[in-house]
Amino acid sequence: MVMIKNVLFSAAAAAVLMATGAQAFDSGSSSSLVRGQGQPGAQTQQASLPTELNREVAPTRALVPDPTEEKPGTITIDTKNRYLYLSLEGGQAMRYDVGVGRDGFGWQGRAYIGRRAEWPTWTPPAAMLKRRPELPRTMVGGIDNPLGARAMYLYNGHGDTMYRIHGTNEPDTIGQAVSSGCIRLLNDDVVDLYERVKVGAPVVVL
């Protein structure tokens, strides 16, 4: 059984994120950031919105007994075992495989979904652009976008945590610790989750 601890996301950690942008957006592996890229350092990278999801990779979601003891509607992320649970009525949960933060980028705490977006725009933070100036300043939503088909933006009492739950353009990274702290799902799975949760839904990261 996954036991949930009421760990609050620290104000200090949030302040560091807001100041540096170091973990602001899921960077993924280096190849995911430049796929489909045009000229280095372009102000905006265009991306075509797909008419349907790529379903070459089977979705991972499954209905399971809820191990979290959280109230229905709560998202719980078990980073150790790389599962996301959405608690449902009747002691059940929808479980999804996820990718999590790599060494040095993981975090724990409570948050909530502050906003949601379909085919979200990706904007690399300043710290990332300093390390990799060839990246586009902005990439509009699309199949090559590292944020994938949907994004849910995590907030707490201090505002935007700069972490997201989102899709991916690299399905082979699901189940791995490769991100900058964001939680990634297969696009098919993130669309399913997106349709089940609303703004304000609690999120617990273990």
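The backbone N, Cα and C atoms fix where each Cβ goes, and this holds for glycine too.
Annotated signal peptide per TrEMBL: 1-24, in sequence order.
The feature region 'Disordered' is assigned by TrEMBL to 28-54.
Under the heading compositional bias 'Low complexity', TrEMBL lists 36-47.
Per TrEMBL, the feature domain 'L,D-TPase catalytic' maps to 73-206.
For the recorded site, His166 (active site, proton donor/acceptor), the DSSP three-state label reads strand. The annotation active site, proton donor/acceptor is assigned in TrEMBL to His166.
The active site, nucleophile annotation in TrEMBL covers Cys182.
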Average the per-residue pLDDT over the domain 'L,D-TPase catalytic' (73-206) and send me the rounded value. 93
How far is it from His166 (active site, proton donor/acceptor) to Cys182 (active site, nucleophile), counting Cα to Cα, in Å? 8
